[in-house]
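Record features, source TrEMBL:
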BINDING   Ala105, His110, Gly211  substrate binding site
BINDING   Gly106, Asp232, Gly283, Lys287  ATP binding site
DOMAIN    96-304  domain 'Aspartate/glutamate/uridylate kinase'
SITE      Lys38  site 'Transition state stabilizer'
Amino acid sequence: MEEQNTNQSQTQTSLPHSPFTRPIRCIVKLGGAAITCKNELEMINEKTLQKVSEQLGHAMVASSEKPPGMDWSKRPGGSEICCNPEEFGCHSALECSHFIVVHGAGSFGHFQASKSGVHKGQLNKPLVKGGFVATRISVTTLNLEIVRALAREGIPSIGMSPFSCGWITSERHISSADLSSVAKAINSGFTPVLHGDAVLDEIQGCTILSGDVIISHLAAYSKPKYVVFLTDVYGVYDRPPTEPDAILLKEIAVAEDGSWSVVKPKLQNSIELTVAAHDTTGGMKTKISEAAMIAKLGIDVYIVKAATSHSLRALNGDLRSSIPDDWLGTIVRSSR
């Protein structure tokens, strides 16, 4: 789930120290519009999710041999659970580089949240309380399916809900977030998979915590080498990408005060960033705002279309030294 506008995570300094003791290679945001069919209620884009999971496995696992799958649950239409313990014998020492995955909701949760007004608070109202429960049922359902897809690629993924981990906001800004559970999962060799969620708010009762805001908060403490936003379009455009004259912004520079400007290409006109009326998210405005907060930390952010050769290069870290001319995507980085 994503929330209307958290105005950058102003409480990133609320924790006294970072619980992360292992170096984090990458934080990945799976955009809800990329992994679900956004116009079809609670429908996963199975083809894209499978490709994304394969690419993550390729980027995370050093071995050229695919590790055994870890989804030992009954498949729809199947009669048995598929599990071969002998496959794990030669993979006992297999290591994955440390990634954190955060996903949006897409067609999961947005309907429930917008119909009940969960993002506006007032948990004392029966409709809001019911919507809070319904929203969490929906987003955790999606989380489980993403965890299963990653597990099938041999990624030791663990679903972690912000609400259950004690993430709390105050007037929609993060006021407390127990990151120790995420750090402990990484230290134990797991890949945490978090998601946008309905959470409690100290002032308004409840709200929606955006996946983009979760990423910027995690980045401030885990200091990953780079961050990748996987979306349903090739990056950030100067106007809605459906318009024929839309221009892909290749590089955005972020100043020390958090303001940003387009470096490549040079534009003559102002940029139009729109937000879908049905969405409880800040859309591209929130995405760039949170990406800019991460870039201020000296961490490059790549915004790229999911399940493409361009996203694989970003996930692999191939773009950290230089950006090839044929790469399609947007890089947001510090101007320093």
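Each residue, glycine too, has its Cβ placed from N, Cα and C.
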* Asked: Rounded to an integer, what is the Cα-Cα distance in Å between Gly106 (ATP binding site) and Lys38 (site 'Transition state stabilizer')?
  -> 5
* Largest separation between Cα atoms (Å) of residues that the record links to substrate, namely Ala105, His110, Gly211 -> 13
* Asked: Going by C-alpha positions, which of the recorded positions (Lys38, Asp232, Lys287) is nearest Ala105 (substrate binding site)?
  -> Lys38
* **For Gly211 (substrate binding site), the one of Lys38, Asp232, Lys287 that lies nearest, given that the recorded positions are compared by Cα** => Lys287
* Structure fact -> Here the recorded positions are Lys38, Asp232, Lys287, and the Cα closest to that of His110 (substrate binding site) is found at Lys38
* Check the recorded positions Lys38, Lys287 for other C-beta atoms within 10 angstroms of each C-beta and report the one with the most. => Lys287
* Asked: Whole-number Å distance between the CA of Lys38 (site 'Transition state stabilizer') and the CA of Asp232 (ATP binding site)?
  -> 10
* Could you tally the C-beta atoms, other than its own, that fall within 10 angstroms of the C-beta of Gly106 (ATP binding site)? => 28
